[in-house]
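Engineer: According to TrEMBL, the protein has these features:
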- S137: active site, nucleophile (ACT_SITE)
- D322: active site (ACT_SITE)
- H351: active site (ACT_SITE)
- 231-241: compositional bias 'Basic and acidic residues' (COMPBIAS)
- 40-356: domain 'AB hydrolase-1' (DOMAIN)
- 227-250: region 'Disordered' (REGION)
Amino acid sequence: MDDSGQTYTYLNYPLENGQVLAEAQLRYQTYGQLNETRDNVMVVCHALTGNASLHAWWGDMLGPGKVFDTDKYLVVCCNILGSCYGSTSPVSIRPGTDQPYGLDFPDVSVKDTVRLQLCMLRDELKVASVHAVVGGSFGGMQAVEFAVQAGSTRAAFTDAHGQPFCKHVVPIACGAQHSAWQIAISEVQRQAIYQDPAWPTDPFRATHGLRVARQLGMISYRTPQGYGSKFGRERQRGRGDDDTDGPAYGSHARWQVKSYLEYQGVKFLQRFDPVTYVKLTEQMDSHDVTRQPAGSCPGTVSKEQVLGHVTIPVLVLGIDSDVLYPLAEQQELARLLPNATLEVIHSDDGHDGFLLEQEQVAAHIQHFLTLHERPTTT
């Protein structure tokens, strides 16, 4: 759990599926100051296993004079609903009990997560409007949903003048829906957790399964070219008396890529738990701009209809080597959003390019923002 930042609480928060969270808590961090007109807010959304500590994962883009300019903006980063870094999640103590929710934590959608953030911005921070929303991967899905829920005069959230509550949006490396390809990859990761002997009787201890799930994820985030240039067929040298490359092949071969995946899996256990991972990947799978609120007819609204209502300027960023969220999905987003621009990040590192190519990402966002009037600073 991340103890830094502030916490917003929404009592009896209604979820998209009709369930109610007795205490929906949202952990968030802020950087910079709110101006007098309360409209210089920039929201940055984190990815699947991230948190509200923006400085820890996009730090090169945060600070005075940078794209997330703390001299000009109040930069806000929220830990998503369902995550184990301070917001209400499977590790949270269920109200009225002394036990965590665990597997009883309700199914939360991306729409639920974004609506809670919008409520916090409006009701707790008293924000008049949001200048920009930026996010990559799962954060990009949130950015798309911000555009749907607050990016037109017809949206659920508007400003005091009936104009869009969010003025600009930058989704990176995502699409309008979580595709069958992406759901399949998430499902295999969940199955790795389900096969752990501790699941489901002691699910928080299903750490072997979580380690394998993380390793599968680390493969999907990169590319054959990236792995080839980083590891090739090199072997890990032993230590001490065994200062050799070891066997050339077989079960005892010490491939560098094998060592890397083992390291990533073990390291992940220090900051995440199996139940949260299952619930958050299921939340990612919920991403679908066409799904209508409870009580309406599902499947009657197309992507074209929903995204066609978004009137605000949108910068869509895709990565040319992304095999998890292919560039075709960003091309579709840019085509369906009436006021969108598409830019491409060039990288050999696949989906992780949105984190590793910060210089390119920052340059595109900065150029996009300079095309539009900046808010007045204090």
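Placed from the backbone N, Cα and C atoms, the Cβ positions cover glycine too.
Heads up, TrEMBL stuff is auto-annotated, nobody curated it.
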Engineer: Around the Cβ of H351 (active site), how many other Cβ atoms lie within 10 Å? Please give the count over every shown protein chain.
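Structural biologist: H351 (active site): 25 neighbouring Cβ atoms within 10 Å.
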Engineer: Around D322 (active site), how many other CB atoms lie within 10 A of its CB?
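Structural biologist: Neighbour count, Cβ to Cβ under the 10 Å cut-off: 27.
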Engineer: Can you check what DSSP calls the residue listed as 'active site, nucleophile', collapsed to helix, strand or coil?
Structural biologist: coil
Engineer: List the residues of the same chain that sit at least 6 positions away from S137 (active site, nucleophile) in sequence and have their Cβ under 8 Å from its Cβ, in sequence order, or write 'none'.
Structural biologist: A47, L48, I172, A173, C174, Y325, H351, F354
Engineer: Could you tell me the mean pLDDT over the domain 'AB hydrolase-1' (40-356), as a whole number?
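Structural biologist: So the average pLDDT across the domain 'AB hydrolase-1' (40-356) works out to 95.
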Engineer: Which state, by DSSP, holds D322 (active site): helix, strand or coil?
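Structural biologist: For D322 (active site) - judged by DSSP and reduced to three states - the answer is coil.
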